[in-house]
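K.L.:
Shown below is the structure under consideration.
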Amino acid sequence: MVSPRMSGLLSQTVILALIFLPQTRPAGVFELQIHSFGPGPGPGAPRSPCSARLPCRLFFRVCLKPGLSEEAAESPCALGAALSARGPVYTEQPGAPAPDLPLPDGLLQVPFRDAWPGTFSFIIETWREELGDQIGGPAWSLLARVAGRRRLAAGGPWARDIQRAGAWELRFSYRARCEPPAVGTACTRLCRPRSAPSRCGPGLRPCAPLEDECEAPLVCRAGCSPEHGFCEQPGECRCLEGWTGPLCTVPVSTSSCLSPRGPSSATTGCLVPGPGPCDGNPCANGGSCSETPRSFECTCPRGFYGLRCEVSGVTCADGPCFNGGLCVGGADPDSAYICHCPPGFQGSNCEKRVDRCSLQPCRNGGLCLDLGHALRCRCRAGFAGPRCEHDLDDCAGRACANGGTCVEGGGAHRCSCALGFGGRDCRERADPCAARPCAHGGRCYAHFSGLVCACAPGYMGARCEFPVHPDGASALPAAPPGLRPGDPQRYLLPPALGLLVAAGVAGAALLLVHVRRRGHSQDAGSRLLAGTPEPSVHALPDALNNLRTQEGSGDGPSSSVDWNRPEDVDPQGIYVISAPSIYAREVATPLFPPLHTGRAGQRQHLLFPYPSSILSVK
């Protein structure tokens, strides 16, 4: 246990140590003067700060922070904080009007040791100390808190301000001043008289660079041009833009220099390129930047001020928010305002319309409509939903008549109709020959699977579109080298393809014979498959599709054949009468049953029920 004598000796030692410790002088002091605190204007103002009509007294706390943001008072006060003394005791008088409350005497002073930032945030709290018969002593409670951000240069005059917190109103003044030997708007330059002795002891280096500018200006190098040169240290000569040389008397030749900025080059006499203080335009809110010999200067537009035009002097009373924006704050020119924009607008003053449709929120080709308060999508047919995200079934509840098939797509149903029917729902009778598809006078015949053209003499093709002998020459391919025009092998196909076609013909013939179950079809099939020489497959000869020619090559009998009127066949059918080999040609589907057998000794004509090659076997 420490004795009273030892305790007193320890206290004296601590006090002496604190006295003789080296004290760091502050760069400056922020001073706050409270003028009045009381009920604000308007209805509902309180009559007394004291609760239950007990006596109370007020005191104030200030917290300073650098930067542009107003922060909570509980966070660290980077620039410092101060607490005032207690004010006079106040007791409410019944029936008396609410007066301004008695305030503590003196200033609230916040010393700062670093450079003054220029732009700062403040939080001022008003506390109430109740002096009734509380158990445990007085009780403290927060009565009001105001905050703001300001632009303030050190060394300037007092600035006045009014802030309201709920029903209370606070009027105050503030300033920032430098403590000698610090000078300047940021208290960063040190100044001492020329005759002042050194602050440091013998053999010690200077504590900080001192500038002799209190009594006399700096003395530059002898002969330094006063118009084109300047100095920041005694005995130097630094040139302004466009001038060079030891004394800044030589103009820079712009014809051979890359940039008129930076230190001069001893070899070329030009200025070496370097970054400038206005590069990137440090001035905000549309301010214009101009370089000075030592830094830059911003010329701010109307309504803004500050070193970089970062502080707005416009208040909510000026109506700065457009398009129905709500203005908050900005009670005086030194406080900032904030615009809360309605949906569809953005910007510091709600001056920019948000193009929400540029994000293409509507799917499946829907049309985006920005109504300001809401976004709407106009969907294409066949789609639904807030963003047209649902694909509707176009064929639901819709049927196509007469065997038609519903095809979905394009936001509407479409019917693919069977042959002979048309219209939206296949309810209308349609004639495939109504459009006259057969060219050059050909006759059109309707069929259950399509249409067939009977061509006029001299034309051929599915639609009679090809002349048989254009300009006196055959329209069929020319004979291969080494073959004569009349040679039966003139249009001979490759052997492998011929075998493949022959096998296909035989299989198709057997299948048709079995399906139709005609008694004479077996004999015809036997004659086709038995006793027939190795067939060869050829391209069509000149006698093709409506060409009259003479058949008789080989050992068979010669007869005149009319290709427009085949024997023993309905005139609507189209056939190819064979030579001693198998010929192939793509033609339209015939009109009648798939097999026709002629009389004994005559040729058999094989007709297929689907679009295919019409073949005949001798």
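Using N, Cα and C of the backbone, Cβ positions are placed for all residues, glycine too.
The disulfide bond annotation in Swiss-Prot covers C220-C231, C239-C248, C278-C289, C283-C298, C357-C368, C379-C388, C395-C406, C400-C415, C417-C426, C433-C444, C438-C453, C455-C464 (among others) and rests on sequence analysis. Residues or ranges marked as domain 'DSL' in Swiss-Prot: 176-215. Residues or ranges marked as domain 'EGF-like 6' in Swiss-Prot (evidence: sequence analysis): 429-465. What Swiss-Prot lists as signal peptide is 1-26, and the listing cites sequence analysis. Swiss-Prot lists 493-513 with the feature transmembrane segment.
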K.L.:
Per DSSP, C426 (disulfide bond) is which: helix, strand or coil?
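P.N.:
DSSP call for C426 (disulfide bond): coil, neither helix nor strand.
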K.L.:
Measuring Cα to Cα, tell me the gap between C417 (disulfide bond) and C438 (disulfide bond) in whole angstrom.
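P.N.:
Given the Cα positions, C417 (disulfide bond) is 22 Å from C438 (disulfide bond).
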K.L.:
Counting only residues 6+ away in sequence within the same chain, which have a CB under 8 Å from the CB of C438 (disulfide bond)?
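P.N.:
Listed in sequence order, they are C444, C453, A454, C455, R463, C464.
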K.L.:
Ten-angstrom check, please: count other Cβ atoms within 10 Å of the Cβ of C455 (disulfide bond), all chains counted.
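P.N.:
Excluding its own Cβ, C455 (disulfide bond) sees 26 Cβ atoms within 10 Å.
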K.L.:
Quick one: of the disulfide-bonded residues C248, C379, C388, C406, C433, which has its CA closest to the CA of C426 (disulfide bond)?
P.N.:
C406
K.L.:
Could you tell me which three-state DSSP class C415 (disulfide bond) falls into?
P.N.:
strand
K.L.:
Which residue among the disulfide-bonded residues C278, C453 has the fewest other Cβ atoms within 10 Å of its Cβ, if you could check?
P.N.:
C278
K.L.:
Near the Cβ of C283 (disulfide bond), how many other Cβ atoms are there if near means within 10 Å?
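P.N.:
Looking across every protein chain shown, the total is 23.
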K.L.:
Which of the disulfide-bonded residues C283, C289, C357, C388, C415 has its Cα closest in space to the Cα of C406 (disulfide bond)?
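P.N.:
Minimum Cα distance from C406 (disulfide bond) across C283, C289, C357, C388, C415 lands on C415.
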K.L.:
For C357 (disulfide bond), which of the disulfide-bonded residues C220, C395, C433 has the nearest Cα in space?
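P.N.:
Closest recorded candidate to C357 (disulfide bond) by Cα: C395.
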K.L.:
What is the separation, in Å, between the Cα atoms of C239 (disulfide bond) and C231 (disulfide bond)?
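P.N.:
C239 (disulfide bond) and C231 (disulfide bond) have their Cα atoms 9 Å apart.
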K.L.:
Whole-number Å distance between the CA of C298 (disulfide bond) and the CA of C415 (disulfide bond)?
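P.N.:
Given the Cα positions, C298 (disulfide bond) is 74 Å from C415 (disulfide bond).
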K.L.:
Measuring Cα to Cα, tell me the gap between C400 (disulfide bond) and C231 (disulfide bond) in whole angstrom.
P.N.:
97
